[in-house]
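See below for the structure under consideration.
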């Protein structure tokens, strides 16, 4: 297992904020307990993006929950990644799916779900939800069950 400080380039260093969508800032580190199934949850209450049509800002709380396997996302890199959506034009549903797919690519988790709780615009709230369970495992069935039993 590589030294933790060798795996991470952002933590403990001066922060450079990207001005547009930047999945390359995401960093992962080794899970010290890959034999255990356990949840990791991030609540990101200050997410912003832009409406791709009007350019108006959209505000949301993004909730990310996952069951790690070998890799885990480093929280400062996640913060910078989410911040990179600030000037990015995407619909709410796109943001949630993009975030989930980027995290799957980074970590290959056993299971992940991402929820966006967007502030109402025009009197309508949008709460997109996306999830993934690793194919061929109990987590695939878990993902289907959680998706089909959402409110």
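Using the three backbone atoms N, Cα and C, a Cβ is placed for every residue, glycine included.
Record features (Swiss-Prot):
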type     : residues           : note
ACT_SITE : 51                 : active site, thioimide intermediate
ACT_SITE : 58                 : active site, proton donor
BINDING  : 73, 74, 75, 92, 93 : substrate binding site
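A map of Swiss-Prot features onto the structure.
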residue	record	Cβ contacts under 8 Å, 6 or more apart
51	active site, thioimide intermediate	57, 58, 89, 91, 121
73	substrate binding site	26, 27, 28, 103, 106, 107
75	substrate binding site	42
92	substrate binding site	49, 58, 60, 116, 118, 126, 128
93	substrate binding site	126, 128
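Under the DSSP three-state reduction, residue 74 (substrate binding site) is assigned to coil, being neither helix nor strand. The DSSP secondary structure for residue 93 (substrate binding site) is helix. Binding residues for substrate (73, 74, 75, 92, 93) extend across at most 24 Å, taking the greatest CA-CA distance. Residue density at residue 58 (active site, proton donor): 22 other Cβ atoms are found within 10 A of its Cβ, drawing on all protein chains shown. With a 10 A radius on its CB, residue 74 (substrate binding site) counts 21 other CB atoms from all the protein chains.
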